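Record features (Swiss-Prot):
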TRANSIT   1-46  transit peptide
MOD_RES   LYS250  N6-acetyllysine
MOD_RES   LYS264  N6-acetyllysine
MOD_RES   LYS285  N6-acetyllysine
MOD_RES   LYS289  N6-acetyllysine
MOD_RES   LYS552  N6-succinyllysine
DOMAIN    605-664  domain 'KH'
DOMAIN    679-750  domain 'S1 motif'
MOD_RES   SER754  phosphoserine
MOD_RES   SER782  phosphoserine
Amino acid sequence: MAACRYCCSCLRLRPLSDGPFCLPGRDRALTQLLVRALWSSTGSRAVAVDLGNRKLEISSGKLARFADGSAVVQSGDTAVMVTAVSKTKPSPSQFMPLVVDYRQKAAAAGRIPTNYLRREIGTSDKEILTSRIIDRSIRPLFPAGYFYDTQVLCNLLAVDGVNEPDVLAINGASVALSLSDIPWNGPVGAVRIGIIDGECVVNPTRKEMSSSTLNLVVAGAPKSQIVMLEASAENILQQDFCHAIKVGVKYTQQIIQGIQQLVKETGVTKRTPQKLFTPSPEIVKHTHKLAMERLYAVFTDYEHDKVSRDEAVNKIRLDTEEQLKEKFPQADPYEIIESFNVVAKEVFRNIILNEYKRCDGRDLTSLRNVSCEVDMFKTLHGSALFQRGQTQVLCTVTFDSLESGIKSDQVITAINGIKDKNFMLHYEFPPYATNEIGKVTGLNRRELGHGALAEKALYPVIPRDFPFTIRVTSEVLESNGSSSMASACGGSLALMDSGVPISSAVAGVAIGLVTKTDPEKGEIEDYRLLTDILGIEDYNGDMDFKIAGTNKGITALQADIKLPGIPIKIVMEAIQQASVAKKEILQIMNKTISKPRTSRKENGPVVETVQVPLSKRAKFVGPGGYNLKKLQAETGVTISQVDEETFSVFAPTPSALHEARDFITEICKDDQEQQLEFGAVYTATITEIRDTGVMVKLYPNMTAVLLHNTQLDQRKIRHPTALGLEVGQEIQVKYFGRDPADGRMRLSRKVLQSPATTVVRTLNDRSSIVMGEPISQSSSNSQ
């Protein structure tokens, strides 16, 4: 029995005639899909995990039941749904085709997108960076050779502005894969750790994070193994950082236990892949005979650089593959290629494990040659060239007005809590950096991730009250490993060259790992940590552990781990080894420039505040902002209002500021008004008649001011024409200065006229004196 052909969600049963019916684009039978859907219809399963003062709720079986695996993870009122789907037919690609997408919906925050179409368009930086964190947390646990298209989608259902959704998405991906039949050696658990007043806080709220000196995301595997680390910190001490990692790993184990309990209750059975793309042992054995000695000779020839070494290895590859094709004509091309890769990787790693030597002749803890240079181009606000081995990075600093900072719209602020940002680092990796040809298009995920890491490394040392927006660009000119950490070093040098008063210099380094694993237990038997890794060491190694900071502490960390998990001990040793190397790099950088320049360069931008009296503001701005627009167009300055009488003028160069200052002085100049005497009577010329009064000028180049109807005559009038006033007529007015509240000129014609009949009353006299009339005799006698 199986479900109706026409509707997979209904529960009517009817026999299928000719075998199982398959959905379009799917290669599994509908009968298999129905078992999962019918089971889900009986109700969802859920588990709650206590994390200190927080509770993590994990559920499955209610939403997205056609997916191979789905889960909803909730903390407070923030909820994320994650689905996992994997094809059952292999992909033609020769790698693990895993796609992770994290999407934020404006509806989750109760908002409507602010773009023209009022719908989600494109992908934000936050979505890309979160997708990368999720990918790095789950990718190492897929079986080797599992080349099947797999997609993990994370959909933000609701966000309360209190609990962050990114950690929930990592846990949701773990649950979805664990509850699916997709081969995956999970689960993993993830938590965020903050340090507030010296205490570690698990999954802190958004408000708590604003006062935290650490933002650490830890993804852990069973047996207290670490799979992924991502952190930004306010230059915290190494021991505090290590303690936070240990606390994070402890709480990840509680999440893992909750997921394992849910998997046990569900009774998940993993599918058996058609094929795992691993080379035949026989072909690998023959490759050993053909290439091992030649590869050993290349990897122990310390005269090679990146280019010559790659050429030598490729020559051996071509010769070996040709002989393997003759020996094994029936073998798949992938087996031939991968057999050589396996042997090359084994030879490379054994040299490090057994001989404690690296392919460029360094020992395990040595740095490559480091050289620095600043003030590369005089016209730039700041520039630096950082060279480490064959990795070369050019960094520049540009200043602009505060108005040029990144502005977050209301939706992004509601979802992520991200507000305006006046410091940014942009990383570029052109194809020529590795002697390749490629499209030079928009930003890709890798460039965004590397730039975000370098920005995290530098942000803590940037002064918060700096009067400019700072943009650091990092262009990789040559790449042979650890270009993101070279960007942090080069960015620090460029900032000091530009005169930004950073609190301390920043340096970064990458630590690699080579392990030897027990084939039966799957545990690490032996390992070597490598300081300042090359590109080939990153490719053939098990970890890329990037850490940046000052002489005092740590500002950023990112760990890309290729193993299904590493012990805490290795992570602690890597941090210690990186700290030693970081201080050594800082000593070299200090020889080039040890502290920020005391002043910015002569061609750098300047900011000045201008006082514009309220009386001159209308003239300064001009009708419809004409004068301001003209000023900005002609001089290139940016003007923003600070308060009612103060304007901030940003000029890209001092000469532009002088030009703008002259322009402003000319606009606001009014020498004749300074000669006006308070209480004096002047002749005014009527220039315009309005319903509310007349516009008059006291002198020719004066801006006409309004003489209100109430100040035209002692009598109450509704229109100036009632007094016979005309345009061009001259009248006498008295000058009373300017109103301190709104800056308007105060004039009056009424006070110059004889007083109208009024009654003056006194508190002592019961009688009244009528002004303008003769006093009667009776009244005089009574007095």
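The count begins at 1 with the first shown residue.
Using the three backbone atoms N, Cα and C, a Cβ is placed for every residue, glycine included.
Here the C-alpha separation of LYS285 (N6-acetyllysine) and LYS250 (N6-acetyllysine) works out to 42 Å. In the structure shown, the C-beta of LYS250 has more C-beta neighbours within 10 angstroms than that of any other entry among the modified residues LYS250, LYS289, LYS552. The modified residues recorded for this entry are LYS250, LYS289, LYS552, and the Cα of LYS250 lies nearest to that of LYS264 (N6-acetyllysine). The residues of the domain 'S1 motif' (679-750), classed with DSSP into helix (H, G, I), strand (E, B) and coil, number 8 helix, 31 strand, 33 coil. Other C-beta atoms found within 10 angstroms of the C-beta of LYS285 (N6-acetyllysine) number 11, with every protein chain shown included.
Each residue contributes its Cα atom, and for LYS250 (N6-acetyllysine) and LYS289 (N6-acetyllysine) these two points are 46 Å apart. Helix, strand and coil content of the domain 'KH' (605-664), in residues and according to DSSP, is 32 helix, 16 strand, 12 coil.
Cα spacing between the residue listed as 'N6-succinyllysine' and LYS289 (N6-acetyllysine): 51 Å, rounded to the nearest whole number.
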